[in-house]
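A.B. asks: Residues or ranges marked as signal peptide in TrEMBL: 1-23. Marked as domain 'Ig-like' by TrEMBL: 149-240. As annotated by TrEMBL, transmembrane segment applies to 252-274. Residues or ranges marked as region 'Disordered' by TrEMBL: 300-323.
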Amino acid sequence: MDIDTQMMLMGLLLAAFVSPVIAGEWRASVVRSLDALVSSCVVIPCSFTHPEGNLPTSRLRGIWHISNQRDQCIYHEDNTLVLDNFKGRTKLLGHLGQSNCTLEIIEIKDHDSGPFCFRIELRPKETGTLEKFSFVEQCVDLKMLPDPPKLKLTHLKPAVQGHPFVLTCTVLHTCPSRAPKLTWSRGTADGIAEVNREIHAGNWEMQSILTFIPEDEDDHSDVTCTSTFNGGRTSSETLTLYVKRRENYNHIIIPTVVGIGTAVIFAFFCLFMVKKYKARIAELQSQDGNVWNRLSRLSHRIRSNGPGPSQSEQRRSMWSRFSRRRPQVDMVNQMPGDVNSKSSCSNQKVSKLYPILGISCRKMMQKN
């Protein structure tokens, strides 16, 4: 291997070891895109690294400028170097000594779209030249929002009468330094908690948690959450409450108890009546048995004797009994056997009431 080749290999190895160090000396991390509400504010997260460790803020100078136009500064510690339409509207929120170059822009205009890039300058300790590092590859674009973002109202459980009900109002924003204020149409400060957290780089979520105990009169009532952004823009969302009445079983228990109570009272009444009139019931049952027995014997007797005498036969039997008694008396009175007996019998008219007596007289006249 000749000397030229060896020198080339050594140069490549040296470049391989040195280039990461040089490339890694100054780096910036800036979010690439953010939403910005017109007339409100936006905070652009930014951080950087340098090889000398912690440097005092007095030796560092942070500058924000329009991409590829380093002299068009939107932020500079020397306010005279700032573009007129950005004067008083930009501010560094972080400390450069802590490698924080976060920028805040307020009163957003519809033309503040960017892209915006960060540059840092390092002052020499005593003598030397000023070092400047621009991160033109790490710039941010702003997307203008003409209207405030919509709110979102959420709740994990339905509203139940007499039980705590939690309602959460959430809004997204990109300005944590001047976060939107969330207010409720009801409730007190004691029942409201607020949380502002970063969900991803540069995007924040503001939450207001309202806790209250709904009552029956709150059913079908409205609860409104309103968000007021920096600059006065507002957005609101309304939720209609549907309060579920307290769970109870009175509509089942009360009718059941009433029904059971009525049945028990009726049973005791029946037992009391049976006990009180038990003897009477037995007597009535005995009488009913005797009547049925009598009717049974009578029907049996009628069936065994056959049909009874007719009415005409009963009349003849009655007169025959009467005739066996009365004629004896008359015949005794007429027994004297004088001759005039015939004439008396012949002259005697047979009474309609005593036909049998007339027949007896004729028989006696025939014998004589």
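Residue numbers in this text run from 1 along the chain shown.
Every residue gets a Cβ built from N, Cα and C, even glycine.
Curation does not apply to TrEMBL; its annotations are automatic.
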A.B. asks: Report the DSSP secondary-structure composition of the domain 'Ig-like' (149-240) as helix, strand and coil residue counts.
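C.D. replies: DSSP composition of the domain 'Ig-like' (149-240): 9 helix, 50 strand, 33 coil.
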A.B. asks: What mean pLDDT score does the domain 'Ig-like' (149-240) have in the model?
C.D. replies: 92
